[in-house]
Structures are given as C-alpha cells and as structure tokens.
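Engineer: According to TrEMBL, the record shows the following:
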type: BINDING; residues: Gly81, Gly82, Asn83, Pro84, Arg103; note: substrate binding site
type: BINDING; residues: Asp104; note: Mg(2+) binding site
Amino acid sequence: MALVATAEVCDANPQLIQSGELRALQPIFNIYGRRPVFSGPIVTLKVFEDNVLVREFLEEKGNGRVLVVDGGGSMRCAILGGNPVQQAQNNGWAGIVVNGCIRDVDEINGCDIGVRALASHPMKANKKGIGEKHVPITIAGTRISDGEWLYADTDGILVSQVELSI
C-alpha cells in the first residue's frame, strides 16, 4: 500500500474536501507505535471504558485494515494495551485509532504498527463486552463509517469515502 502524505492529498483535492468526501480529523491524537504513517480500510467500533470487543477485533486477521474505536473520549482508563497491539501487529492490522486512552506505551512503541490515542492512562478497562461493531461513529469532529479509508501521517489523519489513488 502506497504511503500517502496527508498535506499533499489535501492540497491536491480541494473539491473532495469541499464536498465532504475527504475529511480531516481534529488534531487531538498522540502518535504511538513504530509506524507513524499508515492507511487502510476502516473498521469501526463504539465502546465505553470496556475493551473486550477491541481485543476480539484485533484477534482477527487485519488484512491491512485500520480499527477506529470511539471510546467516548474517556480519560478514566485505558481501552487498549500492549498485548492487543502486539496481536494486531502479528495479525496484519495497519493501525488503530482510539478516541480514548491506551497503556503500556513502551511496549506499544516497540510494535510495528500505527497507533493514535488521546493519552495514556495506567488503569485498565472493564471487561463486560458491551459496545457496537461496524456502526457510524463521530470522533475528533468527524463522522466515520465502516468501509471508508483512513490515511495517517505525522501531519494528521484523513478519512475518505473511497480509496484515494495517489
């Protein structure tokens, strides 16, 4: 998969931005993992202070996909840790974007995968298995749907309704 420079994509596609087909997430995420640039088709998940469904997704083959998790922006616990990120790396996920917190930062930073999250937090999440898979979510001021494409680099994160041909 070709690496996409988000700034260049924005400069070259003002019509897609104006139509809403290409959207930039608000710059609220910290960069983790050894892969600062990643892209792929999106899988959405909505949870709150519970990581059972996050772990279930990352146990599946990723096939270059990006898991985008709306964790409700909670800053009270981490919904992603080092073990599931290592599993995601081994299962071929391109990246994970979490509207919430992560933990085991040193371990995550050693993984060859892209991770974005609001912050780190030492407390673990609940394990009730409550949440919604493959639903439209809104994070960082942007509505995101299952099957759209995500492009992330050190300048930011873009979401496109279709795969961009660069």
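A Cβ is built for glycine as well, from the same backbone N, Cα and C atoms used for every other residue.
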Engineer: Write out the long-range same-chain contacts of Asn83 (substrate binding site), meaning residues 6 or more apart in sequence whose Cβ is under 8 Å from its Cβ.
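Structural biologist: Listed in sequence order: Asp104.
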Engineer: What is the set of residues, excluding Gly81, Gly82, Asn83, Pro84, Arg103, whose C-beta falls within 8 angstroms of the centroid of the C-beta atoms at the substrate site?
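Structural biologist: Neighbours found: Ala78, Leu80, Val85, Gln86, Ile102, Asp104, Glu107, Ile108.
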Engineer: What is the maximum Cα to Cα distance, in Å and rounded to a whole number, among the residues Gly81, Gly82, Asn83, Pro84, Arg103 annotated as binding substrate?
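Structural biologist: Taking every pair of listed residues, the largest Cα separation comes to 11 Å.
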Engineer: When neighbour density is defined as the number of other C-beta atoms within 10 angstroms of a residue's C-beta, which of the binding-site residues Gly81, Gly82, Pro84 has the lowest density?
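Structural biologist: Lowest Cβ count within 10 Å among the binding-site residues (Gly81, Gly82, Pro84) is Gly82.
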Engineer: Restricting to the chain of Arg103 (substrate binding site) and a gap of 6 or more, list residues whose Cβ falls under 8 Å of its Cβ, or answer none.
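Structural biologist: Within the chain, Arg103 (substrate binding site) has Cβ neighbours under 8 Å at Ala78, Leu80, Gly81, Gly82, Ser120, His121, Pro122, Met123, Lys124.
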